[in-house]
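S.K.: Sharing a structure with you now.
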Amino acid sequence: MIETAAADILAGGMVPLEMTQTQIFEAVQSDTLLASSLWINIALAGLSILLFVYMGRNVEDPRAQLIFVATLMVPLVSISSYTGLVSGLTVSFLEMPAGHALAGQEVLTPWGRYLTWALSTPMILIAVGLLAGSNTTKLFTAVVADIGMCVTGLAAALTTSSYLLRWVWYAISCAFFVVVLYILLAEWAEDAEIAGTADIFNTLKVLTVVLWLGYPIFWALGAEGLAVLDVAITSWAYSGMDIVAKYLFAFLLLRWVVNNERTVADVASGLGSGSRGGAAPADD
């Protein structure tokens, strides 16, 4: 039976060098804990898409609409990416390099998560930056640093030639993350005060920073790093953070935008813009 063979593969930690997509799919599905961490996100992403479309049906202000579009892209990207993961399309078994706790073993690597993050987290930052009344330069810097963080994180996960190089890529990714944190905690926090959106911004800022800090921590503890946690546990940690950092975050943001559309419009017209030094609002 393929299911039994897949279960033996995961249990033993050793797999053939060339697994077909069907074999990877069976391996993922045979691990109930791992598979459930993916299916739950597909279900919640689908429900979130329907809910957010309904919430935004009467929004008329262009800036508020742009926030809605950026936020709606988050579950749209997630449902696509998690479908890729659950199908085995964006999952590989990679042999860990010498020095790794699982050196020589083929470890399931759901690298498709990095595609999710590279496409969805910039949308989160765009939505938050627009809410804060940020200018184009800060938005661009945050988004580029965020994409750099995700791409170098992917490089860390896929590097099999050297265990040290995996951690070098990890350190570079964390450096990009520091740039994102600085903009969120310093630049945009001040902009939001000027824009009159500080209350909701501070809530979203804390939610984002606390949860996003969890990703590099679980990477380091998971099979890709120190291998203290197995693949299924790490997958649930990522999925749990995704649920709160994406869907709950998006709901809180969009609910506030719907109830405070006039405030958002004032930011767009420059009445509360946090763009200091005469810089234009991000959507001008």
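Using the three backbone atoms N, Cα and C, a Cβ is placed for every residue, glycine included.
Not measured: the values here are computed from a predicted model.
Got these off Swiss-Prot a minute ago, pasting:
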type     : residues : note
MOD_RES  : Lys246   : N6-(retinylidene)lysine
TOPO_DOM : 1-30     : topological domain 'Extracellular'
TOPO_DOM : 57-62    : topological domain 'Cytoplasmic'
TOPO_DOM : 87-110   : topological domain 'Extracellular'
TOPO_DOM : 186-197  : topological domain 'Cytoplasmic'
TOPO_DOM : 222-230  : topological domain 'Extracellular'
TOPO_DOM : 260-284  : topological domain 'Cytoplasmic'
TRANSMEM : 31-56    : transmembrane segment
TRANSMEM : 63-86    : transmembrane segment
TRANSMEM : 111-132  : transmembrane segment
TRANSMEM : 136-159  : transmembrane segment
TRANSMEM : 163-185  : transmembrane segment
TRANSMEM : 198-221  : transmembrane segment
TRANSMEM : 231-259  : transmembrane segment
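What's the neighbourhood like for each of these?
M.R.: For Lys246 (N6-(retinylidene)lysine), the same-chain residues lying six or more positions away in sequence with a CB closer than 8 A to its CB are Ser48, Val74, Pro75, Ser78, Ser120, Ile124.
Taken together, the residues of the topological domain 'Extracellular' (1-30) have an average pLDDT of 65.
Secondary structure of the topological domain 'Extracellular' (87-110) per DSSP, as helix, strand and coil residue counts: 1 helix, 8 strand, 15 coil.
Counting same-chain residues at least six beyond the ends of the topological domain 'Extracellular' (222-230), those with a Cβ under 8 angstroms from any Cβ of the stretch are 100-102, 107-109, 156-157, 166-167, 170, 237.
Sequence-distant contacts of the transmembrane segment (31-56) (same chain, six or more residues past either end, CB-CB distance under 8 Å): 7, 10, 65, 68, 71-72, 74-76, 78-79, 82-83, 85-86, 108, 231-233, 235-236, 238-239, 242-243, 246-247, 250-251, 254-255, 258.
A Cβ distance under 8 Å defines the sequence-distant neighbours of the transmembrane segment (63-86), meaning residues of its chain 6+ beyond its ends; these are 25, 28-29, 35, 38-39, 41-42, 44-46, 48-49, 52-53, 55-56, 110, 112-113, 115-116, 119-120, 123-124, 126-127, 130-131, 242, 246-247, 250, 253-254, 257, 261, 264-265, 267-268, 281, 283.
Through the fold, the transmembrane segment (111-132) approaches residues 63, 66-67, 70-71, 73-74, 77-78, 81-82, 84-85, 89-92, 138-139, 142-143, 146-147, 150-151, 153-154, 157-158, 180, 184, 188-189, 191-192, 195, 197, 200-201, 204-205, 208, 212, 215, 238, 242, 245-246, 249-250, 253, 257, 264, 267, 274, 282-283 of its own chain, all at least 6 residues removed from its boundaries and within a Cβ separation under 8 Å.
Residues 94, 97, 109, 111, 114-115, 117-118, 121-122, 125-126, 129-130, 165-167, 169-170, 172-174, 176-177, 179-180, 183-184, 187-188, 191, 219, 224, 279-280, 282 of the same chain, all 6+ positions outside the transmembrane segment (136-159), place their C-beta atoms under 8 angstroms from a C-beta of that stretch.
A Cβ distance under 8 Å defines the sequence-distant neighbours of the transmembrane segment (163-185), meaning residues of its chain 6+ beyond its ends; these are 96-100, 103, 125, 128, 138, 141-142, 145-146, 148-150, 152-153, 155-157, 205, 208-209, 212, 216, 219-220, 224-225.
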S.K.: Quickly jot the same-chain residues contacting the topological domain 'Extracellular' (87-110) by Cβ under 8 Å, restricted to those at least six beyond its ends, or write none.
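M.R.: Those are 10, 13-17, 19, 21-25, 27-28, 34, 81, 157-164, 166, 223-224, 226-227, 231, 235, in sequence order.
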